[in-house]
Structures are given as C-alpha cells and as structure tokens.
Amino acid sequence: MKEIQQVDQGAYNHLMEIPAKYWSKSRFNYFSRVDTLVNNMCECFNSVIVEAREKLIVSMLEDIRVYLMNRWSDNRQSIVTYAGEILPKINKKIEREFDKGGEWLAIYAGRDKYEVSSSQGNRAKFVVDLNLHECSCRKFQLTGYPCEHAMSCIRKMCLDVKNYVNKCYRKQTYVDCYQHVIYPLNGPNLWSRTENDDVLPPVFRKPIGRPKLRRNKTGDEPRNNGPLSKLARTGQQQKCSYCFALGHNKRTCPRKRKMEAAAKKQNATAQAKKGAKKGAGTTRTPKPNKIPAKTTTQLATRLQPKRKSSTQVGGSQESQTSSKRARCSSSASQPQPSIATVTSPSRRSLRFMAKTPPRAWKALG
C-alpha cells in the first residue's frame, strides 16, 4: 500500500474506502476456491440475453429458459465422452504448477509437513502441510489445487496429484451439477385458461431520445465508448474555415480580424466624405409667392388661438365687417382698367369670417 500511495494518492484513498476483503488477495476467504475476483460469468450471461431483455416479460423468460435448457443439455453430453478425472482447464493449470515445482527444494520435517526453499539461491522459504492442504503462500487454500511449493513436496514423495485436488474440480461433481433437466413446455396455444381476469401489460410510454441498449455502469467501472466514429474529431488539430490554416478557428482568425478592421475604416471615411459634400452645398429657400396654399392653411390652423366667449365673438364680428368694408372702399377708389362690381357679403360668408381668425384671411385672400 505504501508503494501505491507513492505512485497515486487518489488510488490509495479509493482503495482505503473499500473493505480489503473485496480487492486484496491476502483477505480473501477459502470458501469460493478462486484466487481472482471478477464477474466474468455475469458479463457472459448478460451478453447472451441482450436481445431477450428488450422483449416482454413472458417472452424474455421463455428465451432464457430455452437458452439454459440447451446449454445444460450440451454440457451434460460433453462430459460423458471426457475420459479424465480432473476437468480439462484445471488439469492444464496443475501441469503448469507441476513444471514450476522443479525450481523448489522440499525438506521433509515429519507428519506431512515440509519446508520448501528456492533452488535459485534466494532466501524465500515456505511451509507446506499436505495433510491439511495448506501452504504459507495461501495459493493452495485459495485455488483448491496444489501450488508450485506443494508440487515440489508431491514430486519428492512420489505422490498422486489427484488426491490433493479439491472435489469441486472433479468430473463427478460436474456431472452432479448438470444432472437435473429443464423440461420443455407447450406454447401459449395449449395453455389452460383460468377463470381470473387477464393480466394486462402496463401502459407503454416511449421515452424521449434514442433507446438505450447499454446498462448503467457503476462509478468504479471503466467507461469505454469503443472505437471513435467517423464523425468524431478527437485528437485532430483545429482548421480555420476562413483562411484554411491550422491552429485556430474562424472566430479567432487573425486574418479575418484585419479584414473586418479595414472594412470598418473604409466605411468611416466614406461617411465622412459624404457629410463634407452635404455641408459644402447651398440650401435654397422657397419664395413667398410660390408657397402653396395648403401649407399656409396648415400653419394658420396650428396657430389658431383658444375659442373665445360669445361677447368677444360679437365684438370681433363688428370689427371684421368694418375692416372689410374699408378695404373694399379703398380698392374701389383706386383706378382699375376694368369695371368690377362689389357685392355685399352674405350671411353665410359673414359667419365664416367671424369664426376664422384675421390671420387666415390673408392666406385666403
């Protein structure tokens, strides 16, 4: 653990939070007869039922039952033709340990106890008890078959290795495990109908997004997403779509920034020249005789004062009529080339003149 702490402090803290019996071989018990802690059996079974898990409950159970029935039948038939007493994979491991046992020297101490030392000259020593099937390296107890230290003792005493192998690795135990038969069943067309109501499936609600096929992994499991897809850009260098150069993108492109700054400067100079031309030109003022009547009427209506009372209106009417008569008499006294008759205004015109202010008369005249 000190070496792990020196290499990676995070890994050390993670392991210290988990009980040592789940990850350290020195804390494993001897019941399972396995020296490794893996879930290969669960992973293999899950990979087989991937398609069945997507079906309904009854269909899923039927697929699993058919798979197990077929597998048990194959295992039952394959072990019949096997001639050995120890299972083939365990037999290969025993032969490997038997070859390694030649590198150790066993010294008999009595009562099936041995002291095993290395023949390579190092100081490694182990104690082996063949009667209890134990070794101080703990591999004999964990695996259930002799380790290389026990093999050196068996070779020294010319004993049979099969007598020191646990019974779980024997052919007879394998046959007893698969002796039970999973019987076949009829289809739903031959099932007997009951008096109870049919069990309806739950309401199917399609979730949002693409359906998920992979299972949810725990925090300590590696998240390997597999090989990169064709559209992935992981590990590739950025390429600008403006100048097609490497090392930057379109947003941080220096060439694009220079072009934008030059365009802004050009627009500013163009606007300045346009404003100077407008200031240098002369503005024409319209002559008073060419002003249209509509504009004068609009100005007169905008400058119209507040409405006066009835007494003020009566006085203004008298003044307006007198001024109008004086204007008409002055115009009649002046010499004119043609004879013109002056008529007195009617009541309607007088009412209109009383309502309109004097300033509007000039515009109307």
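If you go along the chain as it appears here, the first residue is 1 and each next one adds 1.
Quick reminder: no glycine exception, Cβ is built from N, Cα and C everywhere.
Unlike curated records, TrEMBL annotations are generated automatically.
As recorded in TrEMBL:
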type     : residues : note
DOMAIN   : 126-158  : domain 'SWIM-type'
REGION   : 202-233  : region 'Disordered'
COMPBIAS : 207-216  : compositional bias 'Basic residues'
REGION   : 254-365  : region 'Disordered'
COMPBIAS : 264-283  : compositional bias 'Low complexity'
COMPBIAS : 319-338  : compositional bias 'Low complexity'
_Same chain only, please: residues at least 6 beyond the ends of the compositional bias 'Basic residues' (207-216) with a C-beta under 8 Å from a C-beta of the stretch. Say none if there are none._
46, 50
_With Cβ-Cβ distances below 8 Å as the criterion, list the same-chain residues six or more beyond the ends of the domain 'SWIM-type' (126-158) that contact it, or say none._
25-26, 28, 30, 33-35, 90, 93-94, 97-98, 100-106, 108, 111-116, 164-166, 168-169
_Using DSSP, what is the helix/strand/coil residue split across the compositional bias 'Basic residues' (207-216)?_
0 helix, 0 strand, 10 coil
_Suppose you look only at the domain 'SWIM-type' (126-158); what would the mean pLDDT be?_
94
